[in-house]
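Per TrEMBL, active site, charge relay system is recorded for 151, 222. The active site, acyl-ester intermediate feature in TrEMBL is assigned to 238. As annotated by TrEMBL, substrate binding site applies to 200, 222, 235, 236, 237, 238. The feature coiled coil is assigned by TrEMBL to 34-68. Positions annotated as domain 'Amidase' by TrEMBL: 103-202, 225-552. Per TrEMBL, transmembrane segment is recorded for 15-35.
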């Protein structure tokens, strides 16, 4: 018995030692994880600090350069330069009536002033000041001497393409993106990089406004904008929607018409780089400049299709499809009114207007678009600090798949649209299912083209989101993106033209807004666009793939008819 007692005692002591060692090991492991987390957080803060310092330094040096130039060139008429359209500016530059130096410093001064209000610049490209010394060698370029702003996800040599994600900091690009190279070859001067939403997850750049009210943001970007021509990217409306909100024009070309080389973007739903400007002629000139032999040489994957000026200048009557409501998101009163008014103007001008309805919107939004964008169940978007404006949108991405499916099941009887979208956030599930999803997208594209041709239409007139959202609502409501993201999925070219402003009558009608589904997203959309009297209203123009010139020609027609009607 004594032997057994001793053995039990030894076993008990061994158990205590093992438990103690296990506890020490666990505590040690916890400390290691904690130290790594603290170290990772410290490194992230250092990266952010370095990026902010680089940005601040570029802004300070740009301000100093502007002051020096103004002192040495007191007769420069910056106010006049800023009023010129792109075509007027290029003409005066080509004739030598204006110098590239006068133009660049005038726009740099304006950009710096706008940035102080809106925090819209990630950095000023000081290389632009050096480019002034050599720009004369590209005097035959279509954009000779034109200052251009570029979105931060377009690679620029020796600069980060962070896309608002810390992991991408301190990784400067080794060379310019193809589009930046082509811009320079055409004589343009990229002089500032503009902000974007974190990870390109939103179509509105809330980092731009730095917690200011919507009206100040719109006023600063439209009436006080600091760029005559900007290059952006569009995966769901990121060119068209900001252009609509700001009262300018924006164009998303056919996916693949312009080079994607060295542009950070998503792939599953095709993204398109494209221009933003004050008028349609400026968009057309930019496309003409980019669609050149130099781009086709730098990127052989782009079809060598130069800009067809004959189609753009055509005046033949068009057969135009139109819609006010896509059946997925009820438009705001101003959105629907904008389409109705433009439809009437087009009919008066001799064009034929026929009703059109997109196919299966309630199915393709969750099944093709959301599953396509978040095919991996949004796993690659987890971790790291999140922009507060995006938190309502990103929060459910981190839910485990079983929870997403459970929520989807519980919501289905009450909120079918919310249920379908929640279920789609689970992703496609497997590689075979991903293949099926891609095949379904191809089938939908061909089905839509067949439907388009059965209606015998040349182009399509439809709404675009508007007016500009109240602050923070962009992360709360995403349904209205159905009006723009559809054409990313289809790869169709699409652009927006400002045609009106929100009226008091629109605001009165908004009080009776119910929505297509009468769910929480309809309620949030109503709140998002409320109080927008006086803000811009735009319409969207769409064409079939590779008919970019026809789409721009249609946009030009709308622009001219609206101008004439206001006279």
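We number each residue from 1, going along the chain as drawn.
Backbone N, Cα and C define each Cβ position, glycine as well.
Most other Cβ atoms within 10 A: among the binding-site residues 236, 237, that distinction falls to 237.
For the pair the residue listed as 'active site, acyl-ester intermediate' and residue 151 (active site, charge relay system), the Cα-Cα distance reads 11 Å. Within 10 Å of the C-beta atom of residue 151 (active site, charge relay system) sit 26 other C-beta atoms, taking all shown protein chains into account. Distance noted between the C-alpha atoms of residue 237 (substrate binding site) and residue 151 (active site, charge relay system) is 14 Å. The local packing around the residue listed as 'active site, acyl-ester intermediate', expressed as other Cβ atoms within 10 Å of its Cβ over all shown chains, amounts to 31. Distance between Cα atoms for residue 236 (substrate binding site) and residue 151 (active site, charge relay system): 15 Å, as a whole number. For residue 235 (substrate binding site), the Cβ neighbour count at a 10 Å cut-off comes to 23, with all displayed protein chains included.
Confidence for the coiled coil (34-68), expressed as mean pLDDT, is 73. Distance noted between the C-alpha atoms of residue 235 (substrate binding site) and residue 151 (active site, charge relay system) is 13 Å.
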